[in-house]
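According to Swiss-Prot, the protein has these features:
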type: BINDING; residues: G114, T115, H116, G117, K118, T119, T120; note: ATP binding site
Amino acid sequence: MELGNTRCVHIVGIGGAGMSAIAELLLKSGFTVTGSDLVASEVTGKLQDQGAAVALGHSAENIGACDVVVYSSAVAASENEEVAAALQKGIPVIKRDEMLGELMRYKSGICVAGTHGKTTTTAMIATMLIGAGESPTVMIGGISDDLKGSTMVGSGKYMVIEADEYDRAFLKLTPSLAVINSLEMEHTDTYADIEALRDAFVAFANKVPFYGRVFCCVDWPEVRKIIPRMNRRLFTYGIEESADLMARDIQIVGHETRFTVDYQKQEMARVSIAAPGRHNVHNALAAIATGLEMGLPVDSIVSGLASFSGMRRRFQILYGRAGGPVIVDDYAHHPSEVKAAVKAARAGWPEHEVIAVFQPHLFSRTTAFADEYGWALSNADRVCVADVFAAREKTADYPGVSGELVAEAALMAGAQQVSFIPDREELCTTLQGYCVPGNLLLCMGAGDITKMASELADHCRKNEP
């Protein structure tokens, strides 16, 4: 893999999920990689072990003699010392998605897009290809248990990429096959309204070449609305009977989901995946559809999906000893994702009391979707809401916005037992009291609530009878 005369790549914010994946791919492809991040983490440590030079904090000195600087949408480029230093030296400065698009030119790209399900679907396709004897190159915005990381550099012709719609990043990619797994309003700091988001997804779909194909989940109304605007070959999937590839007879038992797949109205196979919930049926159908397009045998597709071990932070069971409580860590941060996670917990563990622990992510998202979060959480037996994880936003810019908006919305939606607990220590103590047999604690959010989930699992292990 070559990028002209580029040998050294500097990555600003190298510890982020998407940026660390690029760093891994570049390292495994023989490039020299340097980078910076504000704090040390397990991710930055792993990159250092692989040969990356990682600096803590941002400084003009960090860029050294690199050939290009790559930064993510989470970095305020106009305020970053490293970006400014590179521009002053005449070093090219590009966003993550542009680098991804360049790396894709060497492979047949399978790009997985959608408001929800991108990470899991990308990992399912990768696992399926590996099981079929292919050797794909893979980049996922999360940690795959099967890949033991977020990337894989293979020798085969396929490159499987998670395509992010935030900041219109996916429009820089060069897919041969494109998946649109879901679509609804999200990223209000990028898209003014749903029409702007629709336009971006149509543009993404139409980037596929004439010989490629776009796979659309028709269970989503917004996906159905944009299909007539696509001018590429299409393939539909879903639980809707009109789909080319349809799932029926869905059973959810604990962490396992089983369903029958019909292809063009004919029964094709019975499928089992180690991922609970109807939303994961959509993810698996997307993988099956791409597998059929690539000419993989049905038996190979089914066995490949059966070997899928799951994703970190995607309904990840951190503790589940028989006779004890169940602790689940989930990345859900959009109302539909929260609703799907709660439904999966209800369906898979019908005898358990479901305690939904939710940390809102971003003030802008909390403001836009507070009522929707309330409805999504209302199906839980008990709701505990933490304060907002600010991430790239500043608290001062959003006066009066807190997790209490979500807690109040949950009460209005009919939830019976709701608590807003902004203090972390108090939240941890409260949740430890719920770690008893018969309870399932579902910790959700894109922020540091994952640390709380791990602490609760440790608490359960230490207090085993």
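Cβ coordinates are placed from backbone N, Cα and C, and glycine is handled just like the others.
G117 (ATP binding site) has a Cβ environment of 25 other Cβ atoms inside 10 Å. Compute the center of the Cβ atoms of G114, T115, H116, G117, K118, T119, T120, which mark the site for ATP; besides them, the chain residues with Cβ within 8 Å of that center are V112, T121, N181, S182, N283. Packing around T115 (ATP binding site) is summarised by its Cβ count: 22 other Cβ atoms lie within 10 angstroms of its Cβ, all protein chains included. Within 10 Å of the Cβ of H116 (ATP binding site) there are 23 other Cβ atoms, across all protein chains. According to DSSP, T115 (ATP binding site) is assigned to coil rather than to any helix or strand.
Of the listed binding-site residues, namely T119, T120, the sparsest Cβ surroundings within 10 Å are found at T119.
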